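Trainee: Take a look at the following structure, please.
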Amino acid sequence: MDLALESLEKAAELAEKNEDVKALVDSYHNLALLYLKLDKEETTLFFWDRAKSVLKDIEYPYGDAIHKFIEAILLFRDDKNFQAIFMLNEAKQLNNDRNFFNNILLVEGNIYLNLEKYDSASKNFNSLVINTDLYEKEYLATRAYIGLAQLNQKIKNFEEGALNAESALKLSRENDFFKETLEANQLLTQLYESLGRFDKSLVHNRNLLEIRDSLFTIEKVKTEAKTAEKIQFDFMSDEIKRMDQRIEELNESRNRSEIATILTSAFLSIISLLAVSLYRNNQIKLKTNDLLQTKNNELQGARDAAVQAMEAKTNFLSTVSHELRTPLYAVTGLTHLLLEENPSENQKEHLKALKFSGDYLLNFINDILQINKIDAEKLEPLNIEFNLKKILQEVIDSLQQSAKENNTKIILEYDESIPGHLMSDPLKLSQIFMNLVGNALKFTKDGEVKVIAQLMKKVEDDVTLYFEVKDNGIGISQEQQKVIFEGFEQGSIQINREYGGTGLGLTIVKSLLGLFDSKIQLQSDLGEGSSFFFELKLKSKDSVVDDISFEITQKDYDFKGLHLLIVEDNKINQVITKKMLTKKDITSDIASNGMEAVELARKNPYDAILMDIHMPGISGEEATIEIRKFDSHTPIIALTAISLDDSLESFYAAGCNDVVTKPFKPEVFYQKIGENIFSKKEVKNPAS
C-alpha cells in the first residue's frame, strides 16, 4: 500500500511537471480515495483540497463529478446525510458514466438506510442487484444484497433479510470478496438468531471465527505479495537501465522517433506494473482492515450496550423524580398549611417531624438527580460575571442556623486581593461550598469551620484561586478517606444515622469540580478535624468599574386584592395551591387543563398565571405559547415537578417569566409571585 501511495504521488509530480492539469486532478482524486479507504480523513481532505484548487481554474466535468462524489462520502461519514445526497445529485449531473452512476446509487442507498427512508434505500439496492455494469457487476450486487439484508433487519423482516444475506454470501464467496463474506456471515448470525434458527446462526458464527483465525494466512499473503512486488520492481529497474542504455545508443544516431517509442513503451510498462501492484496491495490492505474492523465492531457493540444502560438509568431516574416530586408537593404543602392553622403542641411536634421527613426526601432526590445529570453529561458550567465574596457570604449565612444548632462558628478568611468581578458559574460554585460547609458542620460540634479563599496567581485576566474548608470535628479515618467521595460511602451507616445526610454531598462536589477541570483533595486524621481543598482557574473582569449589587432581597409584599389563575390537573395540588394563596388574601380561579387555561385567560384579566407543565391534552408549555398570542403582559410562572436544569430554556422560550420547582418552600413561592407582579408594576409606573 505504501508503494502504491508513493507511485500515485510520483504520478502527481510527473503530471505537475508536464503541466497536465487533468492528470494532476485525477492523481489527487485517486490519492484522496485511497486514503479514504484507509480511514485517514485528514490526508483525504489534504488531497481533496489540492484537487479543488486546481479544478477552480479549469473546465473538467469528469474531475468535478469525482470531486463531489468524494465530498458526499465525507459528508455521509460526518452524519451530514442530506448535504451528502445533495452533493451526489450534483455529481450525477456532471458525469453519465454507467459505472460512476452505479457507485452513486450504492452510496445513496446507504445514506437512505441511515435516514430510515427504507423505500428509497430498497429502490437503489434492488436496481444494483440487477445491474449490468461491465466492471463491478458482482461487487455492486453483493453490496446491494448486504444493504437489503441490513434494511430488512431494521424493519424486523428477518426472513427476507436472511435471503438477502445468503445471496450476498454466495456472490462474495464466488468472487473472493473478503470484507463482504465477513459482513454477510455477521448478518446471517444475527438474522437466524432473531428467527430462532440457532443451528444456522451457530454455523455462520463459526464461519466468522474461522475467518478471524485465518489472519495469519493474510499476513502470509502480504509477505508473498511484497516478494512479488520486489521481483516486479527489480525487473522494472533492469528494464529502465536497458532503456537508458538503448537511449544513449539512439542519441548517438539522432533517431528521435525510436527514442520516443521506447520511452512511451517503458512508461506504459511501468504504469501497468504499478497499477497491478497498487490493486493487489489495496486488496490485501482491505482484507487486513476488515479483520481489524471486526474487532472494532465488537468493542463498539460493548460500548453501545454500556451507553444504552446509562441512558436507561438516566431516563428511569428522571421519570421517578417526577413521580416522587408530585406527591411530595402534596405532603410538604399540606404540612405547611396545617402548621399555619395553630395546631396543638402534640400535633405540632408530629407535623414538624413530617415536614422534616419531606424535606429530607426532597434533598435526597435532588442529590441523586444532580449526580445523574453529571454522569449523563447534561450539565455544563455557565460563564457569567459574579462576585465571589458575596457567593461565599450567602452560603455561610444560609447555614448559620445549622451552625447554631451545633454551637459551631463559621469563619470566612477571604483574600481581598481577589478580583471583585470573576467569570464562571456562581450557582455551581454555591452548590460546591454548600455541600462542603454543610458536610463540615454535620461532623463538628462546639467547634469552628473555616472557609478560606486565597489568590494564588494572576496573569492578566487569568486567575488561579485556592479554596479550603477546614473544621476541627471528628475527623476521617484513612480507610474512609479511600471511598468518601463515592456515592453512599460517606463514613459508615451508623455515622450517617447519627449525624444525618445521605452521603452524596461529597460525591456531588467531586463531580461538579470535574466540570471545572479541578479535583477535590482531603487531609484528615481521626479526632483532629478535616480539611478539603482545591484550586480553580477563572477569568477576571477588572474592566468593570462599579461593584454593582445583585443580591436578591426578601420583601414583604402586600398581596391583598390580587387575582391569579391556577392551572393544575391534580385535584390535591389545586386545593393546596389555592389555600396557600388564600392565606395571603389572594383570590384565584382554577383551570384543570391547558385548553381551559387558555379560554379563562382570554376571557378574564389576571395579575399572574401559575402554570403546571405536565398535563393531559396540551401541556403547560403549549398553553403558555397560545396565551402569549393574545396576552404578552400577564406574568406566567411555571410550576413543575421536573428538574430545573432540564427544561429552563424551553420554559422561557415558550413565554414563561419565571420557574418554580415543586415541591417548593412557601417563602420562595410567595417571593416569586411578588417579584413578577410588583416588579412589572414598578416598571410601568416609575414615578410611583
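The backbone N, Cα and C atoms fix where each Cβ goes, glycine too.
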Trainee: Labelled coiled coil by TrEMBL, one stretch among 233-260, 569-596. Can you tell me which?
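Mentor: TrEMBL lists coiled coil for residues 233-260.
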Trainee: Where DSSP helix means H, G or I and strand means E or B, what are the helix, strand and coil counts for the domain 'Response regulatory' (563-677)?
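Mentor: Secondary-structure composition of the domain 'Response regulatory' (563-677): 54 helix, 24 strand, 37 coil.
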Trainee: Is it possible to get the count of other C-beta atoms within 10 angstroms of the C-beta of D612 (4-aspartylphosphate)?
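Mentor: Result for D612 (4-aspartylphosphate): 27 neighbouring Cβ atoms inside 10 Å.
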Trainee: In this predicted model, what is the average pLDDT of the domain 'Response regulatory' (563-677)?
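Mentor: Mean pLDDT across the domain 'Response regulatory' (563-677) comes out at 88.
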